[in-house]
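TrEMBL annotations:
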- 8-394: domain 'Major facilitator superfamily (MFS) profile' (DOMAIN)
- 6-30: transmembrane segment (TRANSMEM)
- 42-67: transmembrane segment (TRANSMEM)
- 73-92: transmembrane segment (TRANSMEM)
- 138-161: transmembrane segment (TRANSMEM)
- 168-189: transmembrane segment (TRANSMEM)
- 209-235: transmembrane segment (TRANSMEM)
- 247-267: transmembrane segment (TRANSMEM)
- 273-292: transmembrane segment (TRANSMEM)
- 304-323: transmembrane segment (TRANSMEM)
- 343-362: transmembrane segment (TRANSMEM)
Amino acid sequence: MTRYQILTLISMASVNFSSMICYSILGPFFPNEAMKKGASQTVIGLIFGCYALCNLMGSLVLGKYIVQIGAKVMLVSGLFVSSGCTVLFGLLDRVPEGATFITLCFIIRSVDALGFSAAMTSSFAISAKVFPNNIATVLGSLEIFTGLGLILGPPIGGWLYQSFGYEVPFMALGCFLFLMVPFNIYILPSFAADPTKDSFFRLFTRLKIVLICFAIFTLSSGLGFLDATLSIYAIDKFDLSPGYVGLLLLGLSLPYCLASPLLGIVSDRFPSTRPWLMVLGGLSTATGFWFLGPVPILQIQSQLWLLVFMLGVIGFSLSMIAIPTFPEILNCAYENGFEEGLSTLGLVSGLFGAVWSIGMFCGPTLGGFTTQQLSFEWAASVQGGLAFLAPWAK
C-alpha cells in the first residue's frame, strides 16, 4: 500500500473503533438506569430508536452533500459532536427523573446521531474511494475495529459503571473520542471531487438495490432490538450484574469481528458468492433469534449457555449479510450509469447509513413494545421471522 492508503486506513480504523465503543457502552446499564428514572420499556426503545431516526436524516443529507462539505471536514466535525454528546449523556444522572430526564435523553441522543452519521458516511465513502478494487476486503478489515469497539464497549462500560458509577463511563470514552479529532486532522488526507446530479431516488428505482436494502434493514433492526432488550432480559432471567451483561454481549460481537475480514476477502475474490452469503446469513440469523428466547411454542427451557451460543450464531450470520451489501449496491449503481467518484460513493454511503438507521429505529422501538406487551421470547421470535423473509426477497 502507498503512504496515502496506509494513513487513510489508520484514520478509518480509529473512527470505526472510537465511534462504536462510545455507541455500545449504553447496553449493559443504561436501560436499568432509565427505568429507575421513570422510563418504560417502550420509552427506552424509543430513546435507542431516536438515535437511528436522526442518523437516517443525517445520512441522507450528508451523503448528498459530501463533496460540497468535504469528506475530511465532515468526518472530523462528526467526531467532535459525538464526543461532546457522549460527555453530556454522562451528566444525565443529575437530572430530575420523569419528563425532564426523558426529554434530555432524546435531545442529546439525537444530536449525537447527527455527529455519528457524519463520521460514518464519510468513512465509508473515503474507504471506497481510496481502495476501489478491494472494497469488501477493506470494509471487512475495518469491521475488526468496529467489532473491537462493540466488544470492548459493553464490558468496559459495565465495569466502569459498577466501579465508579454512571458518569465515569461516558466521561472517559467521550474524552477518548475527542482525542480522535486532532489525530484525524493530522493524518487524514484531503479529497477533491466534483458534485454529481444523481440522487437517492434514482438509486432506489433499481429493484436489486431495494432488495439489498431490505437485507441491511433486517441486519440493523436485529442489532437495535438486542441493544434495547437483551440487558434487561439477562438481568431479570439469569440475575446477572451489568458487568456480566457486558461480557455476555461478547458472544455477539466477537464472531462478527473475527468473521468480517475473512468474508471480505471471499467477497472480493469471488463476487458471485455475495448473494449466497446474504441468503445463508439471513437464514442463520433467523434460526439464532428463534432459539435466543427460545420461541415459546418449542417449549425449550431458556438457559444461559444457549443464549450465549445463539448470540454467537447471530453475530457470525450478521457479518455474512453486512460485508457483501455495500460493494453490491455500488456495483449496481455503476452498472446503471452512475459516475465513478466521491459523489456516488457519498450517495451509496448515505443510502447504506439511512437504511441501517431505519432498522436501528424499528428494532428497539417495536422490539421494546413487543417485549413490554408480550415477552422477550416472542419479540425475538418476531425478529427472527423478519430475518427469515430477507433471503426469499433476494
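Note: Cβ is positioned from N, Cα and C throughout, glycine not excepted.
Annotations in TrEMBL come from automatic prediction, not curation.
Contact between the transmembrane segment (273-292) and the transmembrane segment (209-235) is supported by 3 or more Cβ pairs under 8 Å, counting only residues 6 or more apart in sequence. Long-range Cβ contacts of the transmembrane segment (304-323) within its own chain (Cβ-Cβ under 8 Å, at least 6 residues beyond either end) map to 136, 139-140, 143, 215-216, 218-219, 222-223, 226, 234, 238, 248-249, 251-256, 259-260, 263-264, 267, 277-278, 280-282, 284-285, 287-289, 291-292, 294, 390.
Sequence-distant neighbours of the transmembrane segment (343-362) (same chain, 6+ residues past either end, Cβ-Cβ under 8 Å): 48-56, 58-67, 71, 113, 117, 120-125, 128-129, 193-196, 198-200, 203-204, 209, 213, 216-224, 325-326, 329-330, 333-334. Here the transmembrane segment (138-161) sits apart from the transmembrane segment (209-235); fewer than 3 CB pairs are under 8 Å, leaving out pairs fewer than 6 apart in sequence. Residues 44, 48, 75, 79, 82-83, 86, 116, 119-120, 123, 126-127, 130, 138, 141-146, 148-150, 152-158, 161, 166, 169-170, 173-174, 176-177, 180, 183-184, 187-189, 227, 230-231, 242-243, 245-246, 249, 253 of the same chain sit 6 or more residues outside the transmembrane segment (6-30) yet have a Cβ under 8 Å from a Cβ within it. Across the domain 'Major facilitator superfamily (MFS) profile' (8-394), the prediction's mean pLDDT works out to 80. The transmembrane segment (209-235) makes no contact with the transmembrane segment (73-92), as judged by fewer than three Cβ pairs under 8 Å among residues 6 or more apart in sequence. Sequence-distant contacts of the transmembrane segment (247-267), counting only residues of its own chain at least 6 positions beyond either end whose CB sits under 8 Å from a CB of the stretch, comprise 24, 27-28, 136-141, 143-144, 146-148, 150-151, 154-155, 158, 226, 230, 234, 240, 273-274, 277, 307-309, 311-316, 318-320, 322-324, 327.
Outside the transmembrane segment (42-67), and at least 6 residues removed from its termini, the chain residues within Cβ reach (under 8 Å) are 26, 30-31, 34-35, 74, 102, 105-106, 109-114, 116-118, 120-122, 125, 193-196, 199-200, 220, 224, 227-229, 342-343, 345-354, 356-369, 372. Long-range neighbours of the transmembrane segment (168-189) within the same chain, counting only residues 6 or more positions beyond its ends whose Cβ lies under 8 Å from a Cβ of the stretch, are 4, 7-8, 10-11, 14-15, 18-19, 21-22, 25, 29, 72, 75-76, 79-80, 82-87, 89-91, 126, 153, 156-157, 160-161.
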